[in-house]
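Listed in Swiss-Prot for this protein:
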TOPO_DOM  1-122  topological domain 'Cytoplasmic'
REGION    60-91  region 'Disordered'
MOD_RES   Ser93  phosphoserine
TRANSMEM  123-143  transmembrane segment
TOPO_DOM  144-154  topological domain 'Extracellular'
TRANSMEM  155-175  transmembrane segment
TOPO_DOM  176-195  topological domain 'Cytoplasmic'
Amino acid sequence: MSASRPQFSIDDAFELSLEDTGPGLEPSGVARFGPLHFERRARFEVADEDKQSRLRYQNLENDEDGAQASPEPDGGVSSRDSGQTSIRSSQWSFSSISSSTQRSYNACCSWTQHPLIQKNHRVVLASFLLLLLGLVLILTGVGLEVAPSPGVSSAIFFVPGFLLLVPGVYHVIFIYCAVKGHRGFQFFYLPYFEK
């Protein structure tokens, strides 16, 4: 049986069918894919392009009067206004302060702007409510352990507190990680989320 059929090799997986006739046909009539080549860019090229684009956008922010701006080595921007040269380093620093403040706000609260979070805001609020109620009940139980009251057991607060805290923490952390795109966390796995 093996003599009548040719052996399969890994090269056979890259052959095109006979219907696919293209410019890459071999003398045997079988088209083959060429070798794969990946183009790598040096890190310094990417960093240089990123730096230039950042400077370009910062210069656009700082240049209200339409003057041509170019980066200075000391971090300022010199602009040429009919032969006069002025350094706008103070405006540059204010611009960077406001953009860094904006970035920190966006990093903190950007996950609330996700479309699935806004669509399922009730589920997200319920998750936070479970978390907070669980914490309040557990802290009440701890308070009763520290200063016992006759006739009231702290277990009455500990048990429901943990029952509310565990799913609350789970959902809040899961939602946050899914928004941030961490591996293994997807909204698909939360059954209460409408996709």
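Numbering starts at 1 and runs along the chain as it is shown here.
Every residue, even glycine, has its Cβ placed from backbone N, Cα and C.
Long-range neighbours of the transmembrane segment (155-175) within the same chain, counting only residues 6 or more positions beyond its ends whose Cβ lies under 8 Å from a Cβ of the stretch, are 111, 117, 123-124, 127-141, 144, 185, 187, 189-190. Residues of the same chain that sit 6 or more residues outside the topological domain 'Extracellular' (144-154) yet have a Cβ under 8 Å from a Cβ within it are not found. A mean pLDDT of 85 is what the model gives for the topological domain 'Cytoplasmic' (176-195).
Within the topological domain 'Extracellular' (144-154), the DSSP-based counts of helix, strand and coil residues read 3 helix, 2 strand, 6 coil.
Among residues of the same chain six or more beyond the topological domain 'Cytoplasmic' (176-195), those with a C-beta under 8 A of the stretch's C-beta atoms are 111, 114, 116-117, 119-120, 123.
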